[in-house]
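Working notes, beginning with the structure itself.
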């Protein structure tokens with residue numbers, strides 16, 4: 001069945017059916033294959049795309065820019081200090097201005113309501129590159145990566161655990177995506193870091209139709225047993241005070257992904273995933289500062305260096321797939 005997603009916004013996975021999500025994943029796989037084999041056809045020739053970044057980025061910005069260039073589009077980058085958005089001009093007005101100049105707009109920033117306003121008033125496709133509540137482009141990359149490493153399983157047959165801060169945009173988005181695609185997800189976190197009950201209830205309602213299983217637990221062994229994938233993210237999100245680390249570490253240490261936890265899955269083929277950047281040693285300024293202040297973190301914070309560098313880690317396949325899935329979103333909503 002062909003899907004027409006042309007002119008649709010991509011703001012959160014709650015807005016899409018399982019079949020539409022699967023269509024975008026299949027398109028991403030096709031575009032990846034075409035790029036690798038040298039027969040990619042540009043379907044965004046003559047299109048102009050604006051990238052609004054109110055938060056810093058490596059993977060998301062690079063993926064959008066390279067995807068656009070591969071497909072023949074032109075890009076304007078508007079960084080945190082490069083525009084009047086929110087300072088002298090409202091997002092509603094910005095949307096109506098940029099929508100007359102550009103064919104598509106990406107937004108990465110703060111509240112979900114901001115990108116929803118942009119999407120409501122731009123009149124062109126708007127893509128969510130990350131908000132405080134959701135990170136939907138990352139989830140498509142994650143699910144494409146899972147498909148590639150699931151040893152023949154369909155997504156609906158996959159079991160995975162997300163460990164750590166399950167109330168953040170990654171916990172929210174993985175739960176929504178898993179519910180939509182009929183997956184078995186375990187959100188393994190201290191109770192204070194569980195997702196909002198309203199969103200959990202919404203996802204469980206979706207799960208009744210798709211066959212998904214959603215478990216929210218503090219019990220690490222219950223959460224990881226039998227998993228195909230273990231997933232984590234940083235314990236302190238962008239924009240949070242550095243002082244937040246102290247209160248998090250004692251709560252979060254039992255949820256650090258290490259080799260013992262991989263073994264606890266009982267699956268010798270288990271894979272490790274992380275949306276990156278990851279604190280897994282002292283090779284960054286933040287990592288070094290944390291290790292000096294908290295010696296127990298010298299081998300890593302949310303994940304140990306041993307895990308990231310092990311055969312179980314697929315984090316760089318996952319990072320590359322940001323490019324192919326973001327390209328699929330742009331082609332599906334804007335392509336000719």
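Glycine is no exception: its Cβ is also placed from the backbone N, Cα and C atoms.
Predicted, not measured: the structure shown is a model, and the values here were computed from it.
Under the heading carbamoyl phosphate binding site, Swiss-Prot lists 57, 58, 59, 60, 84, 108, 135, 136, 137, 138, 275, 276, 322. On its own chain, residue 135 (carbamoyl phosphate binding site) has 128, 169, 170, 173, 275 as residues at least 6 apart in sequence with a Cβ closer than 8 Å to its own Cβ. Under the three-state DSSP scheme, residue 135 (carbamoyl phosphate binding site) falls in the coil class.
In this view, residue 169 (L-ornithine binding site) is surrounded by 23 other Cβ atoms within 10 Å of its Cβ, with every protein chain counted. Taken from Swiss-Prot, the feature L-ornithine binding site applies to 169, 233, 237, 238.
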Note to self: Need the DSSP three-state call for residue 59 (carbamoyl phosphate binding site) to compare against my parser.
What the structure shows: helix
Check: For the binding-site residues 59, 322, which one has the sparsest Cβ surroundings, going by other Cβ atoms within 10 Å?
Finding: 59
Checklist line | Three-state secondary structure, residue 322 (carbamoyl phosphate binding site) (per DSSP) | finding: helix
Notebook entry, point to check: Counting other CB atoms within 10 A of each CB, which of the binding-site residues 57, 137 comes out lowest?
Noted result: 57
Note to self: Excluding near sequence neighbours, so keeping only residues 6 or more apart in the same chain, what lies with its CB under 8 A of residue 233 (L-ornithine binding site)?
What the structure shows: 162, 164, 165, 168, 170, 171, 274, 275, 302
